[in-house]
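Per TrEMBL, the feature domain 'CopC' maps to A:36-131. The domain 'Copper resistance protein D' annotation in TrEMBL covers A:348-470. The region 'Disordered' feature in TrEMBL is assigned to A:421-443, A:606-638. Annotation source TrEMBL lists transmembrane segment at A:12-39, A:163-183, A:204-227, A:247-267, A:274-293, A:313-334, A:355-374, A:386-407, A:457-479, A:647-668.
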Amino acid sequence: MTDSDRHTRSNATLLIVILIVGSVLLTSLVTPVAAHAYLSESDPANGEHVDPLPDELTLYFSGDGVVNADITLENPDGEVVSEESEIDPDDTQIVRVPIDDAAGDDGMYTVEWEVLADDGHTTAGSFFFAVGDEPLDRDAVLEAYEEDETDETIPAIEAGAKALLLVGVVGLLGIPAVAMLAVRPAFARADAAARSSVDERIGRLLAGAAGLTLVGAVVLGLTRSTALGPLSLETISQFVETPLGEAWIVQVTLAAVLAGLVTAAARGPLVKRAVHVVVFGGALAVAGTIAWTSHSATAIDQLEGAVVDFVHLLGAGLWAGGLVVLALVVVPVVRNAESDDRADLLARTIGRFSILAFVGVTLVVASGFVLASWHVPTADGLTGTIYGLTLVAKLVLAALALGLGGLSRFVLLPRLAADQGPETADGLRPASTDGGTERSSRDRSVSTVVRSIRLEVALLVVVVVLSGVLTSAPTAAVASGDDLVESTIEYEYDDHLVELSAFPATEETAGDALVLEADEPIVFKVAFLEDGGEAVASDQPVRLLASSDDGTEFEVELEETDDGTYAVVQPLADEGRWEFRITGAPDGSYVSEWIDAEVVPADEHDHDTHADADGGGHDDHAAGHDTHAKDHADHGGPEEATAFQTLLQFGAVVTVVGGVVAITLESLRLRGGRFDRE
Amino acid sequence: MDHSVKRRSVIGAVGGLAIASLAGCLGDGTDGAADDTDDASADDGNGDSDGGESEPEAVGSDGLVYAFAPDRISILDPADGDVVDEITDEFDDEAWADPQITHDYGLLFVVEQSLSQVHVIDTETRTHETAIDVGPGVNHIYHPVDDEIWVHADDDGAFYVIDVDALEVSEIVEAGLEGEGHGKLLYHEAMGDTGYATNVNDPGVPVIDLETYERTGFVEFGEGGSTHYKAYGPRNGLAYVEYRGGTTVVNTETDEIVDELEFTGGMFLSPEEDRLAIVDDEVYIVDVTSEDSDVLGSLAIDGDPSTVRFGPEGETAFVANAESGDVAVIDVATLEEIDRLEAGEFDGRNRMAVVGDEYFITPADADESVAVVDMAAQEAELIDVGVSVDTLQYVGDSGTGYTGRYR
């Protein structure tokens with residue numbers, strides 16, 4: 001056993017210890033701790049009726065404070081009647097908007113808001129209230145819901161910049177780690193030319209990764225700064241004063257330093273090992289800045305979210321970044337090496353890398369399960385949101401890469417090791433009795449391994465790019481909140497069909513009861529239908545009477561719509577059981593039907609916050625705003641995990657346990673010299 | 001948002017109360033008492049009777065008084081001064097309005113305002129039968145023909161006609177000209193199939209065909225104003241209708257205005273159908289035996305008089321006072337107050353009263369009691385019911401102008 005081998009085993013043992021500690025940490029993080037950012041309350045409230053029009057509109061935000069607010073109030077005529085928004089200097093979670101509308105006409109008023117939280121992320125949404133007794137306008141409400149539903153766009157430049165940044169950081173993490181722990185030990189006995197070639201190629205790779213990191217970080221920050229206004233020095237100055245801007249400055253500085261360092265290392269006589277250690281440490285710091293401003297940190301919990309995201313990045317770096325070294329450094333050097341040494345070098349390198357890869361895969365998969373449990377709380381979120389679909393694509397590609405990695409490690413590597421025996425001098429052997437020749441099985445094994453590695457690298461690069469998209473999209477936990485459905489219940493009444501629809505509903509009709517969300521303006525629609533499905537007019541006003549178990553009762557008249565149905569917009573304040581009664585007189589025949597409903601608490605990711613999941617909301621503020629304090633705290637409280645989340649959390653634990661076992665076995669194999677030439 | 005819901009709810013309730021209160025008819029008993037029963041949760045509020053229970057015993061209710069409280073209906077025996085039974089049926093914070101018993105005293109219909117329903121009580125078995133959904137703003141209830149109950153939905157200005165046998169709404173009769181407004185129905189068997197509707201939005205009385213369920217005409221009293229209280233004099237065939245601070249007298253055969261009185265208010269007919277008491281700032285007694293409608297006199301009564309009921313022979317009248325916690329006894333011939341009987345305190349503005357057998361009965365909700373006055377002995381007794389009651393219904397002949405002879 002060489003010193004290098006002992007060093008490698010020592011490192012493997014250290015990694016196992018880190019992994020076990022990490023698994024404990026991950027296990028403690030698997031329960032979601034808070035919700036994402038949202039507009040927690042407003043005055044007037046969403047769907048509220050007021051009279052007269054107040055002088056001021058007040059919005060209460062949860063999570064981080066607000067540094068910039070763009071809020072407009074439109075009157076029933078569509079005219080903007082709000083003045084400049086004012087952020088409360090004593091509590092930046094409160095934004096006040098003076099209203100300047102002398103007429104104060106009755107009707108529906110629409111609030112469009114977009115705020116930049118002090119973590120630098122933008123959230124936006126809309127809500128509405130009514131002045132006077134006039135009910136909320138159905139069409140306007142539906143239009144507002146529709147606008148909320150469709151806003152799941154991904155900013156292309158930001159996603160691209162984030163992808164570049166991630167690719168660069170993954171490289172900066174993986175390249176030096178694999179260089180130090182796998183490549184150098186494996187090439188310790190190689191000739192000087194090979195070692196020099198390795199150093200040169202690693203240097204170029206690092207330079208490329210550092211360049212991607214720098215470019216990605218700069219462009220990402222500049223893009224995000226445009227949330228404050230058109231790109232300019234003033235905008236950038238404003239941006240750097242936000243927490244995200246501060247993180248960006250650190251990020252760019254680190255990237256620039258790393259870029260300078262690797263450039264100097266490539267041109268100067270710096271000690272390679274020291275450079276790699278510094279680069280790895282610098283990359284960890286850059287990864288930390290990314291994790292600190294990630295979805296998880298801002299939407300779940302600053303510290304715990306950042307830790308899991310950081311672990312995810314580190315795992316990706318060890319796995320994908322390491323593979324890049326294999327594909328772009330080891331393989332070319334091995335191909336130029338003596339024929340007898342090719343398989344040996346490749347096998348030794350892969351053998352050592354496999355431990356790092358196991359660690360990386362374990363970390364990235366386990367933390368990935370935790371992240372998914374936070375951001376995709378239900379299975380529907382996988383298919384019903386852009387975030388979910390992107391995640392599925394990423395998972396498929398990652399699974400393919402993992403399969404290729406398994407193929408390399410468990411099929412091709414043993415074959416490569418078995419082919420390390422003596423061969424003919426020219427590396428060729430008789431292929432047949434006709435005197436022709438063919439490439440040796442050793443070379444064929446090398447080629448197969450190389451193709452597998454290159455394909456695996458390509459897949460993982462795409463996976464990392466998709467991660468850039470993921471981090472720029474609203475999470476499924478947020479976007480799923482926009483998954484609005486209409487629930488309909490039908491009753492036969494004499495010769496007619498009475499149909500009551502409610503939109504939005506929490507779920508489509510479950511049995512004979514509606515399931516609705518409290519405090520949400522709900523569009524109730526009633527239709528009296530003939531056998532042929534034709535709508536029948538009512539000779540009497542069509543009314544909706546609602547009665548809750550808590551004693552709230554009201555009766556409202558529905559307005560006839562163009563399609564012959566009757567509609568009204570009405571929020572329901574009380575959670576719990578309600579009874580609705582629909583009355584009307586289609587064709588003069590009196591109809592009265594009762595419908596049960598269950599009103600559930602307002603979803604924490606309600607439609608008000610949809611444009612970006614990053615906008616704070618990850619911690620409660622104890623002080624609160626008088627009566628609003630309780631609401632804030634409620635929104636930030638722990639939630640019960642869904643079955644899907646529990647499954648994902650279980651997957652994380654299983655992955656950690658399986659990873660530890662696999663790494664242990666792999667270390668034992670390495671200690672047994674399975675990958676060394678006998 | 002919940003504020004808006006509550007505000008809307010309160011506005012609706014206050015609005016309805018305000019109209020009724022301004023009109024001075026809240027619980028005055030002219031149109032029956034104001035009280036209601038809600039059993040929506042017990043029978044899904046859908047008019048279905050509870051099933052799966054054993055057949056209740058037909059114990060009857062003759063001579064008993066149904067007292068409506070938010071959470072129960074207490075059944076009193078005025079003769080014994082006891083609570084003899086209770087119907088609870090998951091009642092909870094019900095807003096009862098007018099009750100109306102059928103001509104055979106077998107079923108008692110009572111309005112519940114919060115859910116706009118009419119509850120049905122079987123007086124034979126003393127059980128809650130069902131709740132029938134009707135229009136909003138319901139308050140007054142009538143029994144113009146044997147197999148129908150008419151209830152006025154003020155928000156629609158319409159009568160919802162309930163089939164007594166089917167216990168469901170069979171017709172909706174649009175009465176008010178503007179499609180809304182607090183209203184009443186004047187009818188008498190002598191008027192045949194015709195009834196007069198009053199409405200606080202209409203300057204006259206819509207003429208209702210009780211057979212075809214439609215408004216067939218309108219007797220206009222003037223260009224503005226509204227109509228509210230009403231009474232019919234069977235002996236002179238005239239209708240008395242509150243209009244613009246006075247009482248307009250209409251010949252029901254010709255639909256012509258024949259007279260006008262300068263006072264108005266709740267109207268109460270004597271057992272002999274010869275005297276009509278009208279409660280304005282004073283109690284006026286009008287001779288309704290001739291077309292002249294002579295005013296025989298008036299009497300000021302302290303204590304905010306609300307409801308007048310005549311004794312069995314018509315010689316005395318009993319006045320339930322809302323503020324003074326007593327009942328004034330009047331000599332009808334001399335128009336003198338001859339006695340005051342302690343009748344418990346009342347919280348509301350209009351204190352209703354019913355008569356049955358030899359008793360004058362009025363609620364004392366502030367004392368959670370019901371006052372029973374022996375009209376012959378002119379003695380009062382309080383029956384403790386343990387809950388706040390402001391609406392009553394006597395099961396039996398309640399005298400002229402009330403359930404039984406005058407539908």
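Residue 1 is the first one shown; counting continues down the chain.
Glycine is no exception: its Cβ is also placed from the backbone N, Cα and C atoms.
All annotation found in TrEMBL is predicted automatically rather than curated by experts.
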Between the transmembrane segment (A:274-293) and the stretches A:163-183, A:204-227, A:386-407, A:647-668, work out which stretch tops the count of Cβ pairs under 8 Å.
A:163-183
Two-stretch contact, the transmembrane segment (A:355-374) and the transmembrane segment (A:204-227), at least three Cβ pairs under 8 Å:
no
For the domain 'CopC' (A:36-131), the DSSP residue counts stand at 0 helix, 53 strand, 43 coil
Averaged across the domain 'CopC' (A:36-131), what pLDDT does the model get? Just tell me the whole number, please.
82
